[in-house]
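Below is one structure; the comments refer to it alone.
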Amino acid sequence: MNSTPDLISPQKSSENSNADLPSNSSQVMNMPEEKGVQDDFQAEADQVLTNPNTGKGAYVTVSICCVMVAFGGFVFGWDTGTISGFVAQTDFLRRFGMKHKDGSYYLSKVRTGLIVSIFNIGCAIGGIILAKLGDMYGRKMGLIVVVVIYIIGIIIQIASINKWYQYFIGRIISGLGVGGIAVLSPMLISEVAPKEMRGTLVSCYQLMITLGIFLGYCTNFGTKNYSNSVQWRVPLGLCFAWALFMIGGMTFVPESPRYLVEAGQIDEARASLSKVNKVAPDHPFIQQELEVIEASVEEARAAGSASWGELFTGKPAMFKRTMMGIMIQSLQQLTGDNYFFYYGTTVFNAVGMSDSFETSIVFGVVNFFSTCCSLYTVDRFGRRNCLLYGAIGMVCCYVVYASVGVTRLWPNGEGNGSSKGAGNCMIVFACFYIFCFATTWAPIAYVVISETFPLRVKSKAMSIATAANWLWGFLIGFFTPFITGAINFYYGYVFMGCMVFAYFYVFFFVPETKGLTLEEVNDMYAEGVLPWKSASWVPTSQRGANYDADALMHDDQPFYKKMFGKK
């Protein structure tokens with residue numbers, strides 16, 4: 001084959017959509033690319049499988065619905081943005097901290113780590129236990145229940161007077177709710193969104209996280225000059241508004257057609273597909289989509305109810321898929337994003353910024369607008385290319401950030417005044433890092449796991465994968481104060497090494513799923529397609545007569561030629 005590997009040519013992956021199949025088919029068949037050439041069979045298949053509603057407003061309805069569901073990410077982002085400021089606010093320190101001999105208040109490293117990071121443990125447990133509600137009562141009702149649990153946790157936190165462990169318990173309970181949201185929101189979006197926009201719409205979940213972080217920073221900045229509990233109780237009180245908005249939004253969102261088919265509600269599933277695609281319920285396109293979903297559900301039923309063990313022993317390739325989901329979610333945390341977002345205020349103090357709350361807002365702005373860019377890149381360049389290039393970009397940023405912090409920040413030794421130029425350089429490259437993270441790994445980790453698993457094990461697999469994310473979030477959140485106290489900005493080299501590993505892992509283990517239905521992704525795994533050749537894979541119903549499926553399953557070249565050479 002003469003196709004170029006994903007690393008070299010992001011354009012190849014970006015063209016792998018159902019609307020542009022001739023280009024992909026020609027790569028596999030060793031033929032020149034001719035966009036105007038299709039065989040009659042493929043053209044006929046496309047006519048049925050393609051949404052006939054291609055006007056300017058074709059996806060407005062489903063986009064609005066998915067943004068409402070994605071608002072669950074805002075709830076998590078708000079917590080991340082506010083807690084980073086709480087641990088530096090005077091009233092919070094007075095109520096929940098300890099007293100120095102000079103009369104000032106502080107939070108010990110252990111207490112800081114627990115207050116900040118225990119939320120992640122709650123999220124991990126909630127993701128595993130509460131995600132099952134989506135299978136039992138539907139994705140919408142499951143989301144409403146976990147939001148109510150989140151509200152209970154917020155009430156406990158606001159009611160805390162001076163007992164840090166009461167606040168601690170409240171964060172665990174609110175974490176249970178957010179953990180359920182983190183599984184059910186991307187799941188519902190991926191099952192409702194048309195395949196042409198699934199990557200973009202699932203990425204809206206991450207966009208809402210960044211918006212929550214940014215507005216959380218802004219709220220902390222607005223309340224920091226108060227001398228009483230307004231500093232932290234007002235940001236917490238606003239959580240009620242976000243939760244009620246999400247519950248209200250659920251009344252307008254259609255239920256997952258895949259869940260409805262599984263529950264035997266075929267007419268409701270047809271209506272859901274009709275609503276999100278803006279096509280009449282009796283249109284052949286809706287019937288075709290419904291038949292594909294029904295076939296998938298029937299196949300799952302024939303195999304019986306899924307056990308947890310099936311995540312590692314099931315077919316096709318469930319062990320590989322489960323481990324890939326766990327690794328991608330783990331590596332998203334090991335990018336080091338929460339080093340900046342949880343402890344951004346502390347980091348800015350360390351580099352000599354005069355108003356660390358104000359500078360945190362800069363992070364929030366960069367994060368939000370960079371994530372807006374990801375809504376374009378995720379479906380334009382594909383999942384693999386974004387993850388690969390994102391890892392390279394973050395490695396470069398960490399090299400500069402850590403090196404300047406270690407060698408130039410304190411020219412006269414730590415504690416003897418910092419270099420303003422070095423501090424500014426570190427802030428700039430921290431912003432570059434956030435751009436690389438927010439446009440690639442931040443949203444695409446959720447996109448990948450929402451597309452990877454078949455329906456019968458989806459809630460279990462996604463909950464395990466996101467639990468790995470929360471577990472690493474806890475470890476990073478808890479141990480960061482100790483690690484930075486011991487090795488300071490050498491910490492950046494740790495995350496740099498993780499990103500080097502992430503690059504190689506993605507190249508060899510993560511396939512391209514852009515432009516495929518959830519059922520087609522399952523077929524691709526069943527065929528054993530090599531991840532670095534997966535961008536050239538074509539669904540069975542759309543293959544030409546000369547399609548060489550076997551060529552995508554074998555590669556005898558040395559690894560360096562797989563990665564950098566032409567096939």
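Our numbering is plain: 1 for the first residue shown, then up by one each step along the chain.
Note that Cβ sites are derived from N, Cα and C of the backbone, with glycine treated the same way.
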Recorded membrane side (Swiss-Prot) equal for Thr359 and Arg456:
no
Might you confirm whether the transmembrane segment (467-487) is in contact with the transmembrane segment (141-161), defined here as three or more C-beta pairs under 8 A between residues 6 or more apart in sequence?
no
Cβ contacts the transmembrane segment (361-378)/the transmembrane segment (429-449), at least three under 8 Å, sequence gap 6 or more
yes
Cβ neighbour count within 10 Å of Asn225 (N-linked glycosylation site)
10
Is the transmembrane segment (58-78) in contact with the transmembrane segment (234-254), using at least 3 Cβ pairs under 8 Å (sequence separation of 6 or more) as the test?
yes
For the topological domain 'Cytoplasmic' (255-337), the DSSP helix/strand/coil residue counts are 58 helix, 0 strand, 25 coil
Residues of the same chain, at least six outside the transmembrane segment (467-487), with any C-beta under 8 angstroms of its C-beta?
109, 112-114, 116-121, 123-125, 127-128, 175, 179, 182, 326, 329-330, 332-334, 336, 338-339, 342-343, 346, 350, 445, 494
Select the range from 58-78, 114-134, 172-192, 199-219, 386-406 that forms the most Cβ-Cβ pairs under 8 Å with the transmembrane segment (489-509).
386-406
PLDDT averaged over every residue in the topological domain 'Cytoplasmic' (255-337):
86
